[in-house]
């Protein structure tokens, strides 16, 4: 039998299939508490061992290594050459043609002045080029955080009633998002973002994309007044109660440009060499739409235009940050939520393209880079930025080699801010709506949702909970539902671990689950139970009850069949399943041992590895 105490574990002596087993398993010597704590902290916070590169380096060399670690530009800049510059120049100009119309569009989506979208494509990309570790990520504003900002801040300070305070709160939320992102990276807490599972992201992004598309009905139909709510029912009610205000001019113009944009997306999928067709389509739409409005004077017939855009570079906004009550807390909450969403999207996109080119990006370094660029952006009239998929895909397909393509894009946007903003005066808002719809339609990933249904029904429920919460509730409700269901699943995995009965495969020494392998046969007089999780305080009560239930069911079955009675209960605690056990777990095993002893049964622990 087994004695679960602070001494050697005693096993029954004997042989199985000719193999003799030792009577005792010696416990390892105890480790000092500080050594154990240091090792656990290192595994939790520094799994990639970032300090490895500083070993055997002198003081001056350590400074240079640290400089390269926090500023990757010093790694690739010394090896930069004219060939790389040509590639980055083409890629930078290409993504700038997409960044300019998207920046204006997403600023309108966030209920901000359009010029702020251009500002946000100037300073943050310059910062990321210095600190970012991805060669392919193209920095800029994105749809979902823009909608989140409008939804969360708009409830507290409606932009139509107090536009100045609203803009200041956006800068403040961006500042808090940057501080939060950089803190996660510096404290090595990036694993927090991992609680947003793939299913959560798929459902949340799909729901947000649906909501964004519905919001664009205002521009597509030429409506002057529209609901600030984002749920499906409110939007549909706002649309169909104002049918008398629909403008056929906007509908026709929007439908034409929507068809044009979707056609270019279809053509660009014919092959990588056609990527430029889709990349150039948004700017082409802006130019053509502006020409149509200018030549036909459509703004006098109900077609809304952007209007005046201020020339010049980003003005400072440090003094505009709202760091006092009563509005600071809503800016803080908005910053943390949008910061997490932006991190999840940016890091996922960066890792995807890094995999294509077979290089590695450090998630914690990316968090520091994102946080720093958003802090710098909040002080220079920018709002939240990250690495959007559409812009990064264009950057990748355009042949970018380094992060300098972001600098080229930023310089192109700078030229636009200094000299070309008056050209956007006649840009129709309906074209911006068409650009937004075509850009984010791909976020509704039906194939991924179908794959979740086929692979894991619970993940599919998480996905649909996030989607329906966003579409029929709000962005915040959908996010809370998704995270809550994901956390509940984690808790269920810990508190309700799987236990299975193993049987022997005939003519072998292999044991497999009897509910999956029909050939597996029970061993007479022996019940083998495998536990597929670490044994913690959170699941000891369940495991005690479940083990007792397995034993009762086995004894009832043997009694009904008049077969050999039960003598041994073996708990398979292999290292791959029961990776650890705490004091509550050892206490539970002692209770089970004593309970089985009173029933004339012996408890055996199999494949047990002693740890300290």
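Heads up, the Cβ atoms here are built off N, Cα and C, so glycines get one too.
The domain 'STAS' annotation in TrEMBL covers 516-612. With helix defined as DSSP H, G or I and strand as E or B, the domain 'STAS' (516-612) counts 38 helix, 19 strand, 40 coil.
For 137-154 (among others), the entry in TrEMBL reads transmembrane segment.
Look at TrEMBL and you will find 166-187 (among others) tagged as transmembrane segment.
Within its own chain, the transmembrane segment (199-217) is flanked in space by residues 109, 143-144, 147-148, 223, 226, 230-232, 235-236, 239, 341, 344-345, 348, 433-434, 436-437, 440-441, 443-445, 448-449, 452, 456, 459-460, 462-471, 475, 478-479, 482-483, 486, which lie at least six positions past its ends and keep a Cβ under 8 Å from the stretch. TrEMBL lists 199-217 (among others) with the feature transmembrane segment.
Residues 219-223, 274, 277-278, 280-282, 285, 288-289, 292, 298, 301-304, 428, 430-431, 433-435, 437-438, 441 of the same chain sit 6 or more residues outside the transmembrane segment (246-267) yet have a Cβ under 8 Å from a Cβ within it. The transmembrane segment annotation in TrEMBL covers 246-267 (among others).
According to TrEMBL, the feature transmembrane segment maps to 274-295 (among others).
Residues annotated as transmembrane segment in TrEMBL: 336-356 (among others).
Taken from TrEMBL, the feature transmembrane segment applies to 402-420 (among others). Within its own chain, the transmembrane segment (402-420) has Cβ neighbours under 8 Å at 72-73, 76, 80, 84-85, 88-89, 91-93, 95-96, 99-100, 103, 115, 118-119, 121-123, 125-126, 128-129, 132, 134-135, 137-139, 311-314, 395, counting only residues six or more beyond its boundaries.
Per TrEMBL, the feature transmembrane segment maps to 427-444 (among others). Here the transmembrane segment (427-444) has Cβ contacts under 8 Å with residues 101-102, 104-106, 108-109, 143-144, 205-206, 208-210, 212-213, 216, 218-220, 222, 250, 253-254, 257-258, 261-262, 265, 281-282, 285-286, 289-290, 292-293, 298-299, 303-306, 389-390 of the same chain, all six or more residues outside its ends.
The transmembrane segment annotation in TrEMBL covers 464-488 (among others).
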For the transmembrane segment (464-488), distant same-chain residues with Cβ under 8 A (at least six beyond the ends):
147-148, 151-152, 195-197, 199-200, 202-204, 206-208, 210-211, 229-233, 337, 341, 449
Surrounding residues of the transmembrane segment (166-187) on its own chain - C-beta under 8 Å, 6+ positions past either end:
45, 110-113, 116, 149, 153-154, 156-159, 193, 317, 320-323, 327-328, 330-332, 334-336, 338-340, 342-343, 364-379, 381-384
Outside the transmembrane segment (137-154), six or more residues from its ends: residues with CB under 8 Å to it:
95, 99, 102-103, 106-107, 109-111, 117, 120-121, 124-125, 128, 166, 169-170, 173, 204-205, 208-209, 211-212, 215, 228, 230, 330-331, 333-334, 337-338, 341-342, 345-346, 349-350, 353, 373, 383-388, 391-392, 394-395, 400, 403, 405-406, 409, 436, 439-440, 443, 474-476
